[in-house]
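According to Swiss-Prot, the protein has these features:
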DOMAIN    44-74  domain '4Fe-4S ferredoxin-type 1'
BINDING   54, 57, 60, 109  [4Fe-4S] cluster 1 binding site
BINDING   64, 99, 102, 105  [4Fe-4S] cluster 2 binding site
DOMAIN    90-119  domain '4Fe-4S ferredoxin-type 2'
């Protein structure tokens, strides 16, 4: 009698789940929404006037627990500036093979130039293409970033309603 009850219980569970809406989606044609705080591909932001927000402080490199970020700073040329500061990120490299997408680099950035986007489709055929150089990271189409008044404007983090 004990075995019959177990089979009946299992069949009841099967029938209950059978008529539910399926959890799977027809990806890539139908995409599920991501969480608002999802962290994906890295992006370096620029100001509206084209200057890079990165001042080459290397704090993102220091904060990265996986050592996935490499930054080399160079002195800024006053005649042809790259950023509003004295220095700029001459070489900026993110190794997506090492990155754990924790967001510590984003939090460490004093100018708020480093941003983790919602982009998550990062698969590729070669390992070299997953090491992103500065040219691949810089977003030349800024939206809402004003011309800097000074090198380190007082950025404030907004609280996210959880």
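Just so it is clear, glycine is given a Cβ too, placed from its N, Cα and C backbone atoms.
Between the listed binding-site residues, namely 54, 60, 64, 102, 109, the fewest other CB atoms within 10 angstroms of a CB are found at 102. You'll find the Cα of residue 105 ([4Fe-4S] cluster 2 binding site) roughly 4 Å from the Cα of residue 60 ([4Fe-4S] cluster 1 binding site). Per Cα geometry, 109 is the residue among the binding-site residues 54, 57, 109 nearest to residue 64 ([4Fe-4S] cluster 2 binding site). Assigned with DSSP, the residues of the domain '4Fe-4S ferredoxin-type 1' (44-74) fall into helix, strand and coil as follows: 5 helix, 9 strand, 17 coil. Long-range Cβ proximity for residue 99 ([4Fe-4S] cluster 2 binding site), meaning a same-chain Cβ under 8 A and a gap of 6 or more residues, is found for 42, 64, 66, 68, 69. Residue 105 ([4Fe-4S] cluster 2 binding site) carries a helical DSSP state (H, G or I). Sequence-ordered, the extra residues of this chain that approach the [4Fe-4S] cluster 2 site, with Cβ no more than 8 Å from the Cβ center of 64, 99, 102, 105, are 60, 63, 65, 66, 68, 69, 100, 101, 103, 104.
Fewest Cβ neighbours within 10 Å among the binding-site residues 57, 105: that distinction goes to 57. Residue 57 ([4Fe-4S] cluster 1 binding site) sits 20 Å from residue 102 ([4Fe-4S] cluster 2 binding site), counting Cα to Cα.
Distance between Cα atoms for residue 102 ([4Fe-4S] cluster 2 binding site) and residue 60 ([4Fe-4S] cluster 1 binding site): 12 Å, as a whole number. Each of 55, 56, 58, 59, 71, 89, 105, 108, 110, 111, 113, 114 belongs to the same chain as 54, 57, 60, 109, is absent from that list, and has a C-beta within 8 angstroms of the C-beta centroid marking the [4Fe-4S] cluster 1 site.
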